[in-house]
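Over in TrEMBL, the protein carries these features:
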DOMAIN    6-431  domain 'Major facilitator superfamily (MFS) profile'
TRANSMEM  7-25  transmembrane segment
TRANSMEM  45-68  transmembrane segment
TRANSMEM  80-97  transmembrane segment
TRANSMEM  103-130  transmembrane segment
TRANSMEM  142-163  transmembrane segment
TRANSMEM  169-188  transmembrane segment
TRANSMEM  281-308  transmembrane segment
TRANSMEM  328-350  transmembrane segment
TRANSMEM  371-396  transmembrane segment
TRANSMEM  402-421  transmembrane segment
Amino acid sequence: MEGIRGLWHLFVTVFFHGFASFVVLPAITDITMLALCPGRDECSLAIYLSGFQQAIIGVGTVVMTPVIGNLSDVYGRKSLLTIPLTLSIIPLVIMACSRETSFFYAFYVLRTVTALVGETSINCLALAYVADNVSERERISAFAILAGITSAAIVCGTLAARFLSTASIFQVAAFASILSTVYMRIFLKESLPGGDSSLRQPILKGGVSEVADEGDVYSPKTIQVFKKIPSPGELISLLRSSKILSQATVVSFFQSLADGGMQASLLYFLKARFHFNKNQFADLMLIFSISGATSQLLFMPMFATAIGEEKLLTIGLIMGSMSMFLNSISWAVWVPYAATLFNVFGYLVQPSIRSIASKQVGPHDQGRAQGCILGISSFANIVSPLLFSPLTALFLSEEAPFNFPGFSIMCIGLAPLIGFVQSLMIKASPKQTITNVCVESP
């Protein structure tokens, strides 16, 4: 294993992709409102449409993320990473050409379709790549640095969005997305479970080599037996193989439920409540991402070995819940900015879950395990907009049953609180090695 220093090219790839993804976020709300409800600060159609897109993407990623993670265990992380990175370029190029209503709808459709494959797959493959190349002792720090690189990309992306015009934002995003893909293809080394130096089965090769050692566990015969697309029953078997892994998955579900709810609701809540625009969204995201980068790059490596990821997980969940409750009762424009400070600890949740999960499986199941957890998280992204988008639209409208515009945000805050209760039951234990749960007997 090369260690953390050997992940440099992966970090650069993730940074450029993250920059391309997040530089457009501050402008998306305004563009959507302008296309659907020109001249208005409250638009139920925009909330429902965004929620619908999030739910459709969630349906696709529930299926695709475990499949891609599983295939990467056979074909290699780099080969599978090429697919979502390439697809993510297309919708950005569409909006870089024009922001007219017809182009917006084309962007909306293509963004939905391409995100079915790329929304969580890139994160899944990056996590598996880290697990392949870093020892278990350094893994929590490596996961934290990877998450910190993403947060740094958010910082740079939102800072750029603050000063770029809306016309330039998508052009810069398209360029960064292309650069991420080209850089990855040129510089990133292929990675396989257990540090194998060669592919078990090349993804671009149609046939199977006839030459194989009889005792080779990765012989063509084994390849044919191996089921590359896991069934739901096999994924359930994987989760049931480790109590800690199943507990971490439950926590991930509720945290993702909250994250999806905030994604679908918070920006529209702030738009209606305090008339936020692109620049204010960028300022808020900038504070949010700086606090996240600080926690992941500084606090997590510092405290992970001292108190363990289980305690970091519980701290992050309770602080994240407090942040959402504070947002729900915002009485002045400065309150949402203050609430982001709680996310210094809220950002600890996902890296802690990934580290806990990675220690419960063997080296040849990292892609499958991370894909399985991200698939469950994607299922939460289906449920979340179906629950919270109608609730947000109702309480921001004149037909609200009572005057509490942030009621949906408060309900979202209950999800990490449930995850917090579950996290208290996770106890540190020696690694359980789970191998070949998706291999059938010949």
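Note: Cβ is positioned from N, Cα and C throughout, glycine not excepted.
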Contact set, same chain, for the transmembrane segment (45-68): CB under 8 Å, 6 or more residues outside the stretch: 29, 32-33, 36-37, 80, 83-84, 108, 111-112, 115-117, 119-121, 124-125, 229-230, 235, 260, 263-265, 268, 368, 371-372, 374-376, 378-386, 388-390, 392-393, 396
For the transmembrane segment (103-130), distant same-chain residues with Cβ under 8 A (at least six beyond the ends): 7, 10, 14, 17, 31-32, 35, 49, 53, 56-57, 59-61, 64-65, 68-69, 72-73, 77, 80-81, 83-85, 87-88, 90-91, 94-95, 97, 139, 142-143, 146, 191, 354, 358, 366-367, 370-371, 374-375, 377-378
Within-chain partners of the transmembrane segment (169-188) [C-beta distance under 8 Å, separation at least 6 from its ends]: 9-10, 12-13, 16-17, 19-21, 23-24, 27, 78, 81-82, 85-86, 88-89, 92-93, 95-96, 99, 160-161
Of 7-25, 142-163, 328-350, 371-396, whichever stretch has the most CB pairs under 8 A to the transmembrane segment (281-308): 142-163
